[in-house]
């Protein structure tokens with residue numbers, strides 16, 4: 001057998017965009033000082049949105065036209081999309097101030113305490129807006145369980161003044177079951193289906209109707225989870241970034257036949273006995289462990305999300321995200337399983353973005369297992385138990401990722417797990433928890449590596465978000481990886497003959513020789529077979545976020561570098 005990790009790129013057209021602008025890496029919604037917003041409503045300003053009802057043809061996304069008229073237009077006027085539509089504090093029930101929690105940087109109690117879900121500048125589609133005071137914008141909205149309104153602000157993002165508010169629009173079926181994401185279960189012949197809806201179990205019983213394609217269908221119940229504002233660890237997730245996540249349901253489809261096509265649809269049985277259904281989906285079950293067949297695995301990290309309507313300046317935040325998504329969709333028939341190894345949405349505490357991400361990847365995640373790993377932008381928050389004490393998660397502290405996506409971990413708060421796929425045995429580590437020798441996770445890693453039956457599953461793969469192995473981008477302190485990473489783990493990789501270790505976090509592609517203790521253990525550079533006496537380390541963090549530079553040092557172990565988006 002032989003294997004060579006390759007990086008799929010998107011062609012010269014995309015590369016030109018990459019080199020023209022690399023992005024600024026700042027969550028666009030964090031640029032809005034919404035807690036400083038004041039009312040400056042103008043009787044002659046107006047915002048009108050249509051159509052009033054979205055998704056009338058059964059879709060979970062739709063386009064909205066927003067017409068603006070402003071008597072005193074300015075270049076920094078902008079339109080915010082709010083959901084729920086009732087975003088102004090004075091309109092909350094009973095005028096309750098407890099709904100809006102002030103944060104440390106709020107000088108006074110805010111008029112508006114929730115960030116919009118997206119925005120555009122008023123002159124986005126009309127360069128004459130400043131002269132005419134009129135503009136027409138188009139937004140693409142997805143079903144996020146609540147209604148929507150549009151607000152015109154002057155003063156730019158840093159000094160927002162509310163000038164006008166639109167009518168309310170909504171989806172025809174706002175509580176519908178949506179955005180299924182598949183995952184491997186705890187055994188090779190189990191598939192899990194997780195989805196989001198607006199139905200609590202008191203209102204409706206969730207389940208999946210499924211079966212082998214063309215044969216009789218059965219039903220499996222689903223468990224239901226959610227999380228609350230006080231589950232968040234820090235701002236903005238606890239403050240302006242908070243948005244109700246709805247309800248997340250997971251069903252376990254068991255005793256699957258190997259390599260077989262199954263169909264399924266999501267269902268909710270209402271208290272009156274009627275049913276709400278999703279559209280139909282299909283997946284192919286896992287091959288039997290050790291089955292000698294073509295098995296196609298896609299691995300990448302750091303993709304994030306973007307906006308197809310051009311809102312939120314996402315071209316400056318995750319410039320390659322849609323390219324990655326669209327290429328995966330285009331090639332979906334040639335993909336069996338996907339690993340997105342951390343830095344998933346880059347929501348950074350703006351919770352509305354998780355719905356938008358699951359919508360973006362729905363065609364992928366509903367068709368093949370979409371396995372995730374925990375990254376700093378999912379987990380890290382001060383005093384929350386993460387190994388790193390920054391606030392890269394924006395206060396999410398892992399709660400959202402571990403609820404929105406299922407992984408076959410023993411404890412969902414500890415995001416390490418193993419999974420089998422055909423001839424592959426994967427050990428997924430959580431780089432945001434302690435992995436050092438003697439830690440609970442270190443014991444798991446050794447147990448996972450030791451448990452591989454190399455006769456059935458010759459390929460042993462290690463995965464983590466941060467580069468616990470080798471990367472030329474860590475050149476400033478000459479560590480070439482996370483401090484203490486290789487020191488703690490390379491002995492295990494060598495002992496158990498790990499074939500390949502994949503990492504994200506660094507936003508580029510790099511492949512090493514089979515390496516141990518900084519030395520190449522095999523003379524080959526592109527194709528390997530038999531025993532190679534070292535582990536190939538592959539950085540695959542170019543999924544979509546702004547690209548990372550390589551250091552100037554030319555190391556002997558780095559064989560291929562590519563500063564481009566891909567997987």
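Even glycines carry a Cβ here, placed using N, Cα and C.
TrEMBL has this to say about the protein:
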- 47-173: domain 'Purple acid phosphatase Fn3-like' (DOMAIN)
- 180-284: domain 'Purple acid phosphatase N-terminal' (DOMAIN)
- 296-509: domain 'Calcineurin-like phosphoesterase' (DOMAIN)
- 534-567: domain 'Purple acid phosphatase C-terminal' (DOMAIN)
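Beyond the ends of the domain 'Purple acid phosphatase C-terminal' (534-567), by six or more residues, the same chain brings 5, 7-10, 14-15, 18, 22-25, 298-304, 306, 316-325, 327-328, 340-341, 343, 346, 462, 467, 469-476, 478, 480, 490, 493-494, 498-516, 518-522, 525-526, 528 to within a C-beta distance below 8 angstroms of the stretch. Summed and averaged per residue, pLDDT over the domain 'Calcineurin-like phosphoesterase' (296-509) gives 94. Residue counts of the domain 'Purple acid phosphatase Fn3-like' (47-173) by helix, strand and coil are 13 helix, 50 strand, 64 coil (DSSP-based).
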